[in-house]
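To keep things clear, I will list the structure first and then write my remarks on it.
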Amino acid sequence: MGTMMDLDQSLVELRQTFRSRRTRSLEWRKSQLQAILQLLRKKEDKIFNALHQDLGKHPIEVYRDEIGVVEKSINHALSCLEKWMGPKKTRLPLVFFPASAQVLPEPLGLVLIFVSWNFPFSLAMDPLIGAISAGNVVVLKPSEHAPATSSLLSETIPLFLDSKAIKVIEGGAEVCEQLLQKKWDKIFFTGSQRVGRLIMSAAANHLTPVTLELGGKCPVILDSLSNLSEIKLAVKRIVGGKWGSCNGQACIAVDYVLVEDRFASVLINSLQRTIEKFYGKTLDEYQNLSRVVNKHHFNRLRSLLDDPLVAASIVYGGSWDEEKLMIQPTILLNPPLNSELMTEEIFGPLLPIITVDKIEESIDFINSMPKPLVIYALTKNEAFKKRILSETSSGTVTFNDILIQFLCDALPFGGVGPSGFGRYHGKYSFDTFSHEKAVLQRSYWFELEARYPPWNDFKLKFLRLTYKFDYFGLILLMLGLKK
Amino acid sequence: MAEEKKKKIFNSESAHALVSELRKTFNTGKTKSYEWRVSQLKNLQKLIEEHEKEIIEALQTDLAKPEAEIHVGEIGMLKSSLKTTLKQLRNWMMPEKVKTSMTTFPSSAEILPEPLGVTLVISPWNYPILLSIDPMIGAIAAGNVVVLKPSEVAPASSSFLAKYLGEYMDSSAIRVVEGAVPETIALLEQKWDKIFYTGSGRIGRIVMSAAAKHLTPVVLELGGKCPVIVDSDINLQVATRRIIGGKWACNNGQACVSADYIITTKEFAPKLIGSLKHEIEACFGTNPIESKDIARIINSNHFDRLSKLLDDEKVSGKIVYGGKRDKSCLRIAPTILLDVPEDSLIMNEEIFGPLLPILMVDKIEDSFALVTSKEKPLAAYLFTNKNKLKDEFVSTISAGATVINEVTIHLAVHTLPFGGVGESGTGSYHGKFSFDAFSHKKAVLYRSFAGDASVRYPPYSNGKVRMLKALINGSILGIILALFKLSKD
């Protein structure tokens with residue numbers, strides 16, 4: 001597949017399907033969501049294999065981050081869909097009587113979803129669930145950097161879903177360019193800022209609305225904790241939040257940690273012990289760690305350590321295995337702030353620790369960097385929490401845990417500033433692929449003469465009072481009692 | 001001295017310096033406080049109250065807008081918007097608590113609105129005061145700093161805004177940049193946290209392209225051809241007056257939500273045209289081109305554009321009413337054309353003027369296919385008493401808004417989002433939607449150190465898998481069962 005004509009034909013077919021209104025019915029949407037559930041159940045082994053091939057993910061990681069989250073999203077959507085689809089009545093000021101007003105969600109039409117390589121299955125399915133729930137037709141473009149998952153999606157989706165409404169188009173940069181030349185009703189993109197700009201520029205030609213789920217450097221502010229068990233737990237969460245999900249290659253992974261100088265060595269020791277407990281001690285032993293996705297990113301990460309000042313700041317780890325595409329979980333203490341390690345999103349298993357005199361200084365530090373997708377703050381100080389919330393800006397703030405906000409369907413998931421715009425998860429997924437249409441209905445009786453020319457003083461007074469919603473004044477005017 | 005000031009060029013450097021200055025102000029945190037926001041909104045109220053005369057003068061200079069239209073369409077709307085915002089602001093600023101599920105138990109969560117930062121509002125010439133200040137109300141209410149770039153095509157209004165916003169507002173946070181294309185380009189090169197643009201689709205594309213370089217989110221309030229479908233089973237007089245209210249009494253058709261064209265049945269068309277002629281004269285007199293109760297065409301460019309639509313040979317012989325033009329006073333009479341061809345110029349661009357084409361169909365239901373064959377408009381209107389037709393209209397036609405038995409008044413309903421879809425735009429505002437358009441809704445999750453599930457961490461085991469499955473699916477029963485099985489491991 002890959003010719004322009006094939007693409008055009010597919011798009012014609014998808015638009016025809018959309019015009020037929022088949023995707024509007026609750027039944028169709030539910031049937032597609034249930035079909036995805038079937039796909040998850042029947043092809044579970046194939047999913048595990050594909051993710052192991054593409055990223056070396058452990059099946060539990062796959063279940064937790066790719067299959068389980070999708071199941072949860074579908075179940076949530078199935079139970080709420082009818083409610084989401086219904087119109088929302090809105091209040092009307094009395095002056096419009098008699099009238100009724102409501103907001104009615106409707107599908108945007110033909111949707112394009114770009115998937116990133118780090119969660120190549122769930123970041124395809126989760127947006128797809130939103131697009132289907134909202135009644136759209138979809139083209140899914142999986143990442144070519146996760147080829148096994150891309151093939152899996154391309155083979156299995158047509159087996160389970162309505163292939164005249166949902167299509168998978170595989171390919172690399174060339175295919176992306178071709179896709180971006182077409183007119184879409186919505187584009188949903190997960191990936192880097194650089195490509196995000198290209199997508200939005202292309203979308204501008206057709207005034208296509210976009211949702212951009214980008215990245216950034218997600219910091220952890222680690223405040224002093226009162227007892228050893230809390231410290232241990234905090235460290236477990238940091239380790240799990242850095243290396244436990246795709247080995248740091250996640251937009252919401254811990255990028256770096258801010259901690260007071262006096263706790264640095266305790267932290268480093270604790271991190272070391274936990275890393276070794278979870279994953280092992282040497283490159284040969286490592287279990288439960290995804291690998292770096294490909295040579296390009298491997299080289300990128302390794303070269304971050306080339307800077308001699310950066311290399312000098314390594315306090316744990318630092319070794320690598322090019323053949324296995326593995327880099328040891330590495331901790332660095334106060335690397336230079338102008339190094340690429342500290343100016344670019346790391347997206348890998350390197351963890352800088354930046355020390356400050358007082359933990360409150362983290363706020364200024366974070367504000368000196370671009371707004372991230374998430375700020376993690378491990379603290380019990382309520383005043384400090386309030387300051388973090390009001391003095392910093394990020395897509396999300398999570399207190400005393402890491403990554404888990406991803407599972408909370410009631411919270412919108414998205415960035416701000418360079419970390420992106422738009423959001424999804426739960427009802428936000430439905431909304432992001434919908435147009436909320438205003439609907440106003442009136443009838444013919446109770447017509448107000450004053451609305452029409454020819455204009456005169458009386459009508460002017462009337463209109464002024466109407467706009468103030470000054471009903472009493474209006475009555476007086478009509479009775480001839482208002483001057 | 002004044003001459004020198006006027007000649008000062010506003011270029012890329014000036015724009016950069018302006019944005020830096022405003023960003024400094026924003027970073028002080030001053031604009032986030034409730035008190036600051038309220039003070040600025042109240043200053044806007046004062047400005048409008050104390051300079052109503054000047055507003056009317058400016059709009060009459062730019063557009064010869066009748067005073068009643070100014071009160072309804074510009075001043076009244078702004079006063080009502082300010083009143084609503086001041087009343088509701090505290091509520092809007094409060095965090096919204098949300099329910100969390102078993103999956104993240106124990107936890108609590110909320111959504112916290114915060115300002116985006118440095119925002120740019122670019123406004124058009126047709127409602128130059130309303131469409132400058134209304135978006136600014138949203139930006140200020142949400143705690144942002146704002147730069148306004150009013151349209152140079154409405155110069156008296158632009159001067160008014162520059163002068164009085166300069167006098168009444170906190171100039172360390174709110175500024176006006178007057179100018180034309182070069183100044184707009186200089187502004188668009190900068191990094192904004194939000195751009196709010198009202199205008200044409202052509203410029204909308206340029207704005208979005210510029211925004212893409214900095215990943216700046218945008219609201220684009222564009223236009224389109226807003227159709228009015230007229231069924232036969234209606235109160236003809238009321239419907240006709242409402243159509244007139246939404247066309248010639250609405251900035252002379254120069255509004256993004258004006259009735260652009262009509263679709264009705266072949267059978268009903270003559271009755272409708274008769275009614276329109278009668279009611280137009282009741283509103284504007286026997287020689288409507290001379291009526292002071294209609295705004296004029298904004299300038300000679302648009303006059304020429306509209307003339308071209310009438311001179312198109314495809315519509316020759318189709319004029320059934322009006323057609324008079326007077327370039328010297330930039331007026332074209334309310335003009336009705338009947339049965340113009342689909343490929344005529346007038347049916348292929350947004351008219352934005354006093355020309356009203358009427359298309360005819362055999363059955364009124366055929367009008368829907370006609371509307372959906374075109375780009376999605378900002379609004380679609382239907383006059384009918386038949387419930388089935390109403391339902392089909394709402395479910396078939398995609399538009400920013402679908403309105404039944406009325407034209408344009410949905411703008412005044414602050415509980416409805418006002419915005420387009422497809423070619424008619426993206427994003428929405430009015431009422432709380434304005435506040436939301438200029439806010440980032442930050443998700444906040446509160447967890448504690450109590451109750452950690454060791455299943456989250458490696459080394460992994462079968463028991464952990466079962467527990468994990470149950471936790472992710474929020475299934476209490478599953479968790480209990482898994483706990484049992486876990487304890488047996």
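Using the three backbone atoms N, Cα and C, a Cβ is placed for every residue, glycine included.
Automated prediction, rather than curation, is the source of TrEMBL annotations.
Mean predicted confidence for the domain 'Aldehyde dehydrogenase' (B:12-444): the pLDDT average there is 96. If you look up TrEMBL, you'll see B:12-444 marked as domain 'Aldehyde dehydrogenase'.
Mapped onto three states, the DSSP output places B:Glu221 (active site) in strand. Counting every protein chain shown, the number of other Cβ atoms lying within 10 Å of the Cβ of B:Glu221 (active site) is 25. Residues annotated as active site in TrEMBL: B:Glu221 (among others).
Summarising the annotation, TrEMBL assigns active site to B:Cys256 (among others). Around B:Cys256 (active site), a 10 Å sphere centred on its CB holds 30 further CB atoms from the protein chains shown.
Annotated pair B:Glu221 (active site) and B:Cys256 (active site), C-alpha to C-alpha distance, rounded: 9 Å. B:Cys256 (active site) falls within neither a helix nor a strand when secondary structure is assigned with DSSP, and so counts as coil.
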